[in-house]
Structures are given as structure tokens and as C-alpha cells.
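A.B. asks: This is the structure I have questions about; it appears just below.
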Amino acid sequence: LWLECSVAAGGIMAYIVYKRKKPRTIPLGDGWWGVGEKTLSEDQKIYPFQVETSDKEIEDLYERIDRTRYADPLEDGKFHYGFNSTYLKKVVSYWRHEFDWKKQVAVLNKYPHFKTKIEGLDVHFIHVRPPHRENQKVLPIMIVHGWPGSFYEFYKILPLLTQSHDGVVFEVICPSIPGYGFSEASHKQGFNSLAAARIFLKLMERLGFSQFYLQGGDWGSLITTNMAQMKPQCVKGLHLNMCMSNRGFKVLLSLLIGPYLPFLVGLSREDVRRLFPFFEKNVFEMLRESGYFHIQATKPDTAGCGVNDSPVGLAAWILEKFSSWADLKNRDLEDGGLERKFSLDDLLTNVMIYWTTGSITSSMRFYKENLGSNLNNRVDFKTEIFVPTGFAAFPNELMHCPKSWAQIRYRNIQSYTFMPRGGHFAAFEEPQLLADDLFNFVKKVEKS
């Protein structure tokens, strides 16, 4: 996509097409992702759910770990070839001999879990209400994860969001995307972000919320954006820590002039620092980091066979992303810098959610379902977003999106913050920073 933007004629044509578009909402529609034909009626009750485990499950894990066959790493390879197997052995040793899954299951269950049937799928979510206090404004918010994360990414930010902040506090709904963790995977082809958005809107309606806030990163940013496009009257505000910008003449002009006269094209000095040299940071780096992306967007079931069968293979596939996506400089370290931002208990808990549910393959399919066709032809990429929007731009995010680029699609940006530190997994890495920015955004919206 970015290479296409470097072609002037293509950029100008994209700009002309964009200017002809008229803002509109996306029709909500309906869907059925369950087994077989759609049923005449659907159970709309909400059922309590608990994460469970068993000795048999843990014994099977240990047996598979003990049979692992490792490849020797290259000398001084660090994390440039992927997850370094020397450090992987240390992580797996901790997993096998020290990590306590039963203890972590109790941690997962400290918040209330639920399931409900929507469009043929059992949808899992946690619902956290703030402690009752006088004179506080309780605002409902849905926060949505991405890949290779899970609802557990938000366990450090949940206490911050459910504590009063100058009289404002959140009631948090945190679902698992269908096909991830404890949410049932689609049995039909075509389950993309639009389908997930529609299901989550139905979930909020079922919970009795007519207006609410949204927050997301990674796939969560696309899903919550789709929700705002489908029912803008229900979305009081949209807060994102990842943004995919449009192509077009404005972006092309920024790339040509930005390094020299940034103020003429709406770029700040910080934008310039994060964006340029553009091809090194946004093309070559993405080529180095997007091998997984191409595999999952084309043949997810093939790769899924291996990582769904081998717990160590699964851990390597997932945890490599928590290394490089937190900071690309971590590739220069023998241990990938994993424990600089995360504890092994937290990382392995996220891995175990994928392992025990057998959901890695279905989570990978989400790439193919969303990227099987040209994104620019999708209705959501042709639809502007008019709800109040806030962006938290973390410095180590994989691709930087300047405010001037974000404004091409998001037409009502109320706040845009250059965050001082942090990468792709914002809530997991820097929960306090993300919570503070979210509260500041919401307070601004509430006052307007």
C-alpha cells in the first residue's frame, strides 16, 4: 500500500476518488456464523462463566513440552531470525517447572466472566463494574484486544479504569473476539472485523447500553472503528492507540515535503522524527516484521497445524511479537527484551489462553478474512468517522500515523497525544499512561 503511495499519479487519483465520496454510515445488517442453518430463534440470555483447568490438561501440556525438539540458534543471532532458541529454553523451563497455571486461572477469575449467544456463536466477555460511590459519573466503555493478545492484556488497566478519576469512572466490558480465547470461532467463511463489530454492538445492546465509549488497538482499533461507523448515535467517543491511515494526495505530499518543510503539510517535529527516513521505517522494517502477516492472511490453517499442536512452537510464535512489537530494538538483545516490559507469568498466561482453548488457528484466520480482498474496496475504508475520536500515539508502535493523516478518515479528532514511551501492546506495557490519556479524552468529550 505504501509503495503505491509513492506513485504520484496513483496518489492523485486516490485523492480524487476520496473527494467524491460522501460520508455515510455502514448498514448494520445481520449474520449467522454458527453450525449449519440459521435457527428461527436464539437464546439471548447471559450466562456466568468461569475459566477452568484440570490435572489432565496440565499433564498433557508437560508431556508435550518434554518432547520438544529445539533447533540450535546461529552464533550472535539474537532475535533477528525470530525467537532465539537459547532464551526459548529458559522460558520453557520456567513454564514447565515454575509457572502455576492453576494460580493464574484464579487470577483470570477475579473479574466476572460471562457468555451469551450472538449470531450463532458463544461470545465471551468480562464485565467489571466500579465500586459504588456518591457523586461519580459512571460511563460504559468497551475495550477490544487484537492479535496475539487477549482480554488478559487489560487486567492491569482495569483497576485504573474502575477507580474514580475526578468524579469520572468506567464500567468496562471487555469481550474476546470470536475465534480468540473463550469466544467460539466462526463455522463459516467471511468472519471479518465488520462481523465482529456488529456482534459487539449487539452485545452492548443486550447489556442495556444505548450509549457508550470504545477503546481499541491492533484489530481492536479496526473493530471499534467499524462499530462507530455502524451506529455512531450509540458511540459517545472512540479512543485508539493504533490508526491505519488512508492513501491519497495529502499523504503523498507529506512524504515528499515533510522531511524538509513539515509545517506546510501538517506534520510536527515529532511526526518527522517518527516517520523518516520513511522507506526504512515504514517499508523495509515492515517487510522484516510482516512475514507472519502474509502467512496468516493466506494459509492460516497450514501454519496453525504446527502451533496448535506444539505448546513451545505456539509460545515462540506469540512471544516473538511481544518482543519486537514492544520495541524493534529488542531484536538486538539475546533475550529479546521480553522481561523488560512483561513478566513471564503474564506472557505465559496469554499463551495459555490460546493453548487451552485451541484457538490459535481461528485467531490467525481473522487475517485472511479481513485481507482476502483489497481493503480499499471495503465499505468501511470508504466511510468517514464522525464520532469524537482520541488517539494515543505510542513511540514504538509499528507504524506512526500523524494527526493530519488520521484526520482524512477520522473527522472529529478531539485529542491526539504523543505518548512518551511504549509500543504496540499499550494496555499491557503502559496501563497508567493509556488510562490517563483515555480519561483526559473522555472528560473533554463530556464537557463539549
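Note: Cβ is positioned from N, Cα and C throughout, glycine not excepted.
Keep in mind that TrEMBL annotations are predicted by a computer and have not been checked by a curator.
Checked TrEMBL, it gives:
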type	residues	note
ACT_SITE	ASP218	active site, nucleophile
ACT_SITE	TYR367	active site, proton donor
ACT_SITE	HIS424	active site, proton acceptor
DOMAIN	47-154	domain 'Epoxide hydrolase N-terminal'
A.B. asks: With Cβ-Cβ distance below 8 Å and at least 6 positions apart along the chain, what are the contacts of the residue listed as 'active site, nucleophile'? List them in sequence order.
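C.D. replies: HIS145, GLY146, TRP147, GLY149, MET242, HIS424 - these are the non-local Cβ neighbours of the residue listed as 'active site, nucleophile', listed in sequence order.
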A.B. asks: Taking only the residues in the domain 'Epoxide hydrolase N-terminal' (47-154), give me the average pLDDT of this model.
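C.D. replies: Reported value for the domain 'Epoxide hydrolase N-terminal' (47-154) is a mean pLDDT of 97.
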A.B. asks: What does DSSP give as the helix, strand and coil breakdown of the domain 'Epoxide hydrolase N-terminal' (47-154)?
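C.D. replies: In the domain 'Epoxide hydrolase N-terminal' (47-154), the DSSP-based counts are 37 helix, 25 strand, 46 coil.
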A.B. asks: Among the active-site residues TYR367, HIS424, point out the residue whose Cβ has the most other Cβ atoms within 10 Å, with all shown protein chains included in the count.
C.D. replies: HIS424
